[in-house]
Amino acid sequence: MKFSRFIPRSRTPGLPAYGEQEPNTFENGYRPSPPPGAITPYLGLRSRLSQIWFNRWTILLLLILARVLVAIGSLDGNLVSAKREALSACSSVESVGSTMASMPHYMAQGVNELTATGVEKAINGLMSMLELTVTGVEEIFVFFVNVMTQTYLCLITLVVSGMMNAAIDVLKKATEFLDDITGKLGNAIGDGISDFEDAINGFGDVINMFGTKLPKLNLDGPIKELENLSLPDGLTDDLNKLKEKIPNFEDVNNFTNNALRMPFELVKKLIRDEIDDYKFDRSVFPVPAKEQLQFCNEEGGIHSFFNKLASLTSTAKKIFIGVLVVSAILVCIPMAYREMRAWRGMKERSSLVRREAHDPMDVVYIVSRPFASAAGLKAATWFSGHRRQVLARWVVAYVTSPPALFLLSLGVAGLFSCACQAMLLTAVKKEVPSLTEQVGQFADKVFFALNNASEQWAVGTNRVIDDTNDDINQKVFGWVNQTTGSVNNTLNVFVDETSNVLNRTFGGTILYEPIKDVLHCLIGLKIEGVQKALTWVSVHAKVDFPNLANDTFSLRTLEKLSKDNDSNADSFLMNPGDKTTDKISEVVQRVTDSVESGIRTEAIISAVIISIWFAVLLMAIVRALTLWYGADKNRGDGSGDSEFPHPETLSRDAAGFSDIPLATPTHVSPGMADTSVPVYTTRPPAQAFNGGYNAEDYYQEQKLGFAGQRELRRDVEGHARKSSYGEVEYTNDVKR
C-alpha cells in the first residue's frame, strides 16, 4: 500500500520534512524534545486535558442518564394512562358499590309489603284459630266443671240423704223399743214393789206398837212414770226438716254455667270485631334512602397514590440527574489524573522503548495503549518462557482492543442503566401494596354503607313489629288474660257458693266437716289444678312475631343467596375486596410489568453484549492455548530461510521509513551519553527456501509481528531524522 496515493505531499503542508521544522539538532543528529508550549504535531498534556470533559466515562454516564430519563418519561406517561384507567375502573366500582349500598332502598318496599301481608295473614289466622280455641276451651271447661260438680254434688246429696233417712229410722225404732221396754219394766217393778211395800208396811205396824210411827212406802207414782217413759215425739222432727232442706245444687249448676260461659262469649265477640276490620299500616315501615358513595376523589385515594408515584418519579429523576451529572463531572478528575499519568508513562515508555524494545509494532502498541500494555506485561510475569509471555500479552491486547473495550463498556453501561431503572421500578412497586390496601378499603366502605342501611331499616322495621306485638297482646291476649281471670273467679265463686250452701245446710252439725273434706277432695283439688292451668295460660298467652336480623340486606346475606343460586359464582359479593383490588391494581401492575419487561429486555441485550466480549476472551484464550506449547526461538533465530521471503528491494521512501527513530530524545546537555533510540532493521532477505520451516509457524510468527526474530542495530553516527511518506509494501500481505 502506498500512502502517497491517499496523502500527496502537495496536499499535506502540515507535515514538512521533520528535520526542516527546526534546524537545531544534537551532534548525534537527533532532534531535541520540544520545550513546553512549543507547537507539536501530536497532542500534548494540555491538549489532552482540554478534552477531559468528554471522556468516554463521562459520555457513558450521560448516555445512561439520557436512557434513564427516557425511561422515566415513558414511566410517567404510563402512570398517567394507568391513572386514567384506574379512575375509570374506580368509577365503575363506585357505581356498583352505590347500587349495592342502595339495595335496601330498592328492596325495602317489597320486603315491607311482604312483612305487612304476612302480619295480616298471621293475625287473621290467629284470630280465627283463637276463636275456635276459645269455643273449644269453653265447652270443654263447662263440661269438665259440670261433670265434676254434678257428679260429686249428686254423690254428696246421696250420702247426706241416706244418712238422714238412716238416722230417722233409727230414732223411730229406738222410740218404739223404749216404749215397749219401759212398760214391761214398770209392770215388773210395780209387782215387785207391791210385795215389798206390804212387808214394809207390816213391819211398820209392829214398830208402831212400840210407840214409834213409821211412814208407809208408796212407789206407785214413780213406777207409773217409768211405765209411761218414751222418746219425745219431736226427736225426728229436726232430721225430717234437715232432710227436706238438703239441696239438689240445681241453682248452683245454673249459676256456674252462666258464670263460666260469660267471659268466653265476651272474648269471642271481641275477636270477631277485630277480625272484621284489622288492616296493617304499611306506612309505618321505614324505607332507607339511596346511598351515593364517593371514594375515588377523596383524600388518600387513587389520586393521592398516583400523585405520590409522580412525586416519586420526579424525585428519582432529580436524583439520577444530580448523581449521574455529578458523577460525570467528578469522573473528569480521575480521568485528568489518568491522562497526566499516561503522559508521564508515555514519556517513560519512550525511554524504555529506546532501551529494551524488540519489535516496532510492540513499541507502537506500548506507547498507544499504555494501560492495556501494562496489564499485558503484568499478566506476562505470571508465566515463564518468552513465547508464553508473548501469548499472554497478546491475549490481553486482544480483549482490550478498542472494539472489544467498546463492546464491554457498552454492555456494562446497559446493565448500569438497567440497574438504575430497576431501582426506580422497585420504589414504584413498594407503593403498589398501599394502593391494594386502599382499594380493599373501597369494598369495606361499600360493606359498611350496606350494613348501616340494613341495620337502620331493620331497627325501624323491628320497632313496628314490636308495636304490633304489643297491640295484639293488649287487645287479644289481654282478653285471654281477662278470660282466665274470669274463669278463675268463676271457679272461686263456685267453690264459695258451694261452701255457703253446705254451711247453711250442715253448719253446726257433725256432718259439716266430713262433707267439707269430701268437697275439697273431690272438687277443690281439681279446681285448683284448673286454676293453675288458667294462670299459666294467662302468663304465657302472648304473641311474639320474630324480629328481622340487622344483616338482612348485608353482604353476608346476599353472599348466601348468590351461593345458593350459583355455587361457582365468582362475584364481587362473594369476595368484595379481591375483585375491586384486581380491577384497579391490575392497571398499575400492567405498567410495572411493561417497564419490567423493557428492563429485562435491555438487561438481556447488555448481557448478550458482555457475553460476546467473554466469547472474544475465550477465543483469544483458545487461540493462545493452541500455540502455548510451541518451541521458543532465540532472538534473531528465524530457523532458516522463510517460506515467504521478504521483498528484496524497498522503495526509497520505505527504506527511509525504516530509519526513522521511534522517539525524540529528551533535551540533554553536551557531553552526556547518547540515549537515542536504536534503529531496527530486518535480517537480510533470504534467497533460498528452507524446506524444514513450517508454513504454519511462519503464519503464526507473522501474526505476532515476528517477535524475537529481528536483530538490533545501533547506528554509530548520528543522522538527521527525516520525514517520509514512504510506502510499505509486502508481497503476500497488504494492510489497508
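For all residues, glycine too, the Cβ spot is worked out from N, Cα and C.
Relative to the membrane, Gln294 and Glu339 occupy opposite sides according to Swiss-Prot. Residue counts for the topological domain 'Cytoplasmic' (78-139) under DSSP (helix as H, G, I; strand as E, B; rest coil) come to 61 helix, 0 strand, 1 coil. All protein chains included, Asn503 (N-linked glycosylation site) registers 13 other Cβ atoms within 10 Å of its own Cβ. Calculated from their C-alpha atoms, the gap between Asn452 (N-linked glycosylation site) and Asn550 (N-linked glycosylation site) amounts to 9 Å. Secondary structure at Asn503 (N-linked glycosylation site), taken from DSSP and collapsed to helix, strand or coil, is helix. Between the alpha carbons (Cα) of Asn550 (N-linked glycosylation site) and Asn503 (N-linked glycosylation site) lies a span of roughly 64 Å. Neighbour counts of Cβ atoms within 10 Å were taken for the glycosylation sites Asn254, Asn452, Asn550; the minimum is at Asn254. Asn254 (N-linked glycosylation site) sits 20 Å from Asn503 (N-linked glycosylation site), taking the Cα positions as reference.
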